Amino acid sequence: MRIGVVTFPGSLDDRDAQRAIRIAGAEPVALWHGEHDLRGVDAIVLPGGFSYGDYLRAGAIASLSPIMAEVIDAANSGMPVLGICNGFQMLTEAHLLEGGLIRNDHGSFICRDQQLRVENTDTVWTSGFASGQEITIPLKNGEGGFIASAETLAELEGEGRVVVRYVGLNPNGSLNDIAGITNARGNVVGLMPHPEHAVEAGFGPDTASAMRSGTDGLTFFTSAIERMLASA
Amino acid sequence: MPTIVVEVMPKAELLDPQGKAVAGVLGRLGKTRFTSVRLGKRFELTVDGPVDEAVLAEVRELADSVLSNAVIEDVVGIHVVGADSTVGVSA
């Protein structure tokens, strides 16, 4: 099982995503934004960071990168694609996911361990969670406010396409506390919080049992691997 | 050389945290007559030759597809400044 991680100019969490994939039991494959080559991967992660310094709009220039032509084709033919933070912003700019991300309503960058509720466990990336399961993974962004038109919002809610929702505190003014969404097919998921930073005890968020022991993010990656193995 | 100016603003119904921050500092400076500030973007696209209808059509298309994101922004103005333009102001 090979999962590609695309590195863009200004990507920051590409190595963390590769590490998460390795810990989850798959082989990470480094992909480059300037090439038209997916190197035969089975799934793709668009990592967090500040591609092109968030110039124009967050994720906008990266969404027009050479490799995105292949990523969009692969996503449309059912390949699992996960966009984390800046990757989520790219997915909305590439029109693979609806809505958009704007500057946090309070105007500040925020970095915290964020509690989420998993509301859709039918996606490729969340099938290993229990429906309604509450998890904690890091969140760190300046432009994480999810917005969409009233019609799009009603469609996302009506079709159960809100994947994760903020619990306890809405950290950025996202409409309906939305932290992540999926496409109709369930193979493309984008979220602002960072599952790849909560995959190994000692390096994750604090839990009730021990400091930095949280590994709730790992299930995003193991879900996709198990789903792909089951359908292989 | 003629320049085509494209102006993009955050959608009116959306909170504009940058504009709000600027409004906040105006208040702190005692400039209380301004009830709100909104902050957008201005793009200047320079071309070598004259600006004809085909160039403007291309700019309108780019304004909607690349320079702005219709989910969060509106293109509020497209106009030509500088010499050699064969057409005037257009929206």
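Yeah, the Cβs are placed from backbone N, Cα and C, and that goes for glycine too.
As written in TrEMBL, here are the features:
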type	residues	note
ACT_SITE	A:C85	active site, nucleophile
ACT_SITE	A:H194	active site
ACT_SITE	A:E196	active site
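The Cβ neighbour count for A:H194 (active site), using a 10 Å radius over every protein chain in view, is 23. For A:E196 (active site), applying a Cβ distance below 8 Å and a minimum sequence separation of six or more within one chain yields A:D13, A:D16, A:A17, A:R19, A:A20, A:V45, A:P47, A:G48, A:I84, A:G217, A:F221. In this structure, A:E196 (active site) is part of a helix by DSSP. Spacing of A:H194 (active site) relative to A:C85 (active site, nucleophile) is 7 Å (Cα to Cα, whole number). Under a cutoff of 8 A between CB atoms, and with a sequence separation of 6+ in the same chain, the neighbours of the residue listed as 'active site, nucleophile' are A:D13, A:P47, A:G48, A:G49, A:K140, A:N141, A:G144, A:L191, A:M192, A:P193, A:H194.
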